[in-house]
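Student: Take a look at what Swiss-Prot says about it:
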- Cys62-Cys98: disulfide bond (DISULFID)
- Cys78-Cys94: disulfide bond (DISULFID)
- Cys81-Cys107: disulfide bond (DISULFID)
Amino acid sequence: MHHQKQQQQQKQQGEAPCRHLQWRLSGVVLCVLVVASLVSTAASSPLDPHHLAKRSFFDIQCKGVYDKSIFARLDRICEDCYNLFREPQLHSLCRKDCFTSDYFKGCIDVLLLQDDMDKIQSWIKQIHGAEPGV
């Protein structure tokens, strides 16, 4: 009987470090998953600075002259609109058809940029390649 108790105690003492190690590994795995999730979320953000590449210019059907600074200014309007409403699709809908969509017009209105319309229209004309109709 005494021998069985000793074996049980030894077994329990051996399991304690294993359980502790399992908890630590579980914590490490959880941390890695959380960090990976945050990184993937940040990478898929519509406000990713790499989305201003020339490829993006063509992706939204711009057929005019690519000017990175003008493109960035127009895109900033869509970013501000997205930040205001936090609707996941708003940023891409605002940029649709080279900044000539009704969503872009709506963003101009809610951001109170009507006074800048002449300047904005000239920017759109340059990168769109035609009269914007905004």
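The backbone N, Cα and C atoms fix where each Cβ goes, and this holds for glycine too.
Note that the structure is a prediction, hence the values are computed from the model and not measured.
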Student: Least buried of the disulfide-bonded residues Cys81, Cys94, going by other Cβ atoms within 10 Å?
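Tutor: Fewest other Cβ atoms within 10 Å, among the disulfide-bonded residues Cys81, Cys94, is found for Cys81.
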Student: Can you count the other CB atoms that lie within 10 A of the CB of Cys62 (disulfide bond)?
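Tutor: By my count, 23.
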Student: Specify the secondary structure state of Cys94 (disulfide bond) as given by DSSP, simplified to three classes.
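Tutor: Looking at the DSSP assignment, Cys94 (disulfide bond) belongs to a helix.
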Student: How many whole Å apart are the CA atoms of Cys81 (disulfide bond) and Cys62 (disulfide bond)?
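Tutor: Their Cα atoms are separated by 20 Å.
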Student: Quick one: pull the CA-CA distance for Cys78 (disulfide bond) versus Cys62 (disulfide bond), whole Å only.
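Tutor: Roughly 16 Å, rounded to the nearest whole number.
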Student: Under 8 Å between C-beta atoms and at least six apart in sequence, can you list the same-chain neighbours of Cys107 (disulfide bond), or say none if there are none?
Tutor: Ile77, Cys78, Asp80, Cys81, Cys94
Student: Look up Cys62 (disulfide bond) in the DSSP assignment and reduce it to helix, strand or coil.
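Tutor: Cys62 (disulfide bond) sits in coil per DSSP, no helix or strand.
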